Amino acid sequence: MATLALAGRQDGASAALDELSRNFTYGALSSGNGSLSGAWYRRNQIHLFGVLLAILGNLVISISLNIQSAHRERPRPFFRSVLWWAGLVLMALGETGNFAAYGFAPITLIAPLGCMSVTGSAIISVMFLKENLRASDLLGMTLAFAGTYLLVNFAPNITQAVSARTIQYYFVGWQFLIYVILEILIFCILLYFHKRKGMKHIVILLTLAALLASLTVISVKAVSGMITFSVTDKMQLTYPIFYIMFIIMIASCVFQVKFLNQATKLYNTTMVVPVNHIFFTTSAIIAGIIFYKEFLGEAFLTIFIYLFGCFLSFLGVFLVTRNREKEHLSQSYIDFGNIPGKQMLDKIQPGSNSLSYGTLPEGSDSTESQSGEKKAV
């Protein structure tokens, strides 16, 4: 028995090493087993389509957020603003792309790609909104792209036909029932401390949102997968489980947005964005593993590299969002330059930390000239 167990572990390790060699071997599109090879592309074609939809959706969402940010600088009502409507339409298109992506690829592959929205927003703000490009931005983008590459290569390579009968089978499985009971208990305990005790810590708010997010991604994949299955194979929209999942999707999204809005009102966006990304992604991965059994049969080394890719994306999002809203101009006054024939010895206005901020400094040339003019009059 010990010999058989040792042989099994050696076979698993060799399979993981073979997978590593396949994923890191580059070659022509027509031959080989590497990440750019024809065999790898054919094996992951459906998943790559879902990845493409998710990346494009997140980039469109980042564009819409920057457009809406530009709209806030203008005092026009939102229903009369072309920028606001353009941002709304782009937001809807981006979320539609994310929704469709779950019908073609596993949750554990699509959920971590939310880092593309953060990095895309940083790139757009630098290119079009003329924000400063920091060293932490470059490092964060590099880490996020490296993590995305590892995620795409080492995510579970399973192709599930998400039919209504499959969802019904998973829905009544003992693993999911235990998971839902534990999630409800944790949610009720945190909600009690939040409502009754008045605790509004960012971890409590975003944990509540993440618990709801796990139900959101399960139901989104179920609804999207059944719609995809209805288009490609057999109609699934007549089953009651489709509408049950649709109601869960809408309800969990609404309450999730409620807790996220509370977090953004109480805390800085630079804190909310990275913490929410980590909590949401972790919750979605756990939900995909338990409900859809996405890592079933995967080698330990493959799972480890996948988790390392998640860590790189988390770190990249943190570096991109760190201290972004704290940046400001170093000068607290407006410099009009030198006036011909005048020797400027003082600032136009003192620093914001000074007690005389908002007034002209006493004894300056401007105050003396004004007093001299009054005397002359």
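Cβ coordinates are placed from backbone N, Cα and C, and glycine is handled just like the others.
Positions annotated as region 'Disordered' by TrEMBL: 348-377.
As annotated by TrEMBL, transmembrane segment applies to 46-65 (among others).
As annotated by TrEMBL, transmembrane segment applies to 77-94 (among others).
Annotation comment: TrEMBL describes 100-126 (among others) as transmembrane segment. Note on the transmembrane segment (100-126): residues 46-47, 49-51, 53-55, 57-59, 61-63, 65-66, 132-133, 137, 140-141, 144-145, 147-148, 151-152, 155-156, 158, 160, 162, 217-218, 220-221, 224-225, 227-228, 273, 277, 280-281, 284-285, 287-289, 292, 294-295, 306, 309-310, 313-314, 316-317, 320-321, 324 of its chain, located 6 or more positions outside it, place their CB under 8 angstroms from a CB of the stretch.
For 138-155 (among others), the entry in TrEMBL reads transmembrane segment.
Among the features that TrEMBL reports, transmembrane segment is placed at 167-193 (among others).
The transmembrane segment annotation in TrEMBL covers 205-229 (among others). Packing against the transmembrane segment (205-229) from elsewhere in the chain are residues 99-104, 107, 111, 160-164, 167, 183, 186-187, 190-191, 194, 236-237, 239, 241-242, 245-246, 248-249, 252-253, 255-256, 259-260, 262-263, 266, 272, 275-276, 279-280, 282-284, 286-288, 291-292: each is 6 or more residues past its ends and has a CB under 8 Å from a CB in it.
Beyond the ends of the transmembrane segment (241-260), by six or more residues, the same chain brings 164, 167-168, 171, 205-206, 208-209, 212-213, 215-216, 218-220, 222-223, 226, 272, 276 to within a C-beta distance below 8 angstroms of the stretch. Among the features that TrEMBL reports, transmembrane segment is placed at 241-260 (among others).
Sequence annotations record features per position, and here TrEMBL assigns transmembrane segment to 272-293 (among others).
Positions annotated as transmembrane segment by TrEMBL: 299-320 (among others).
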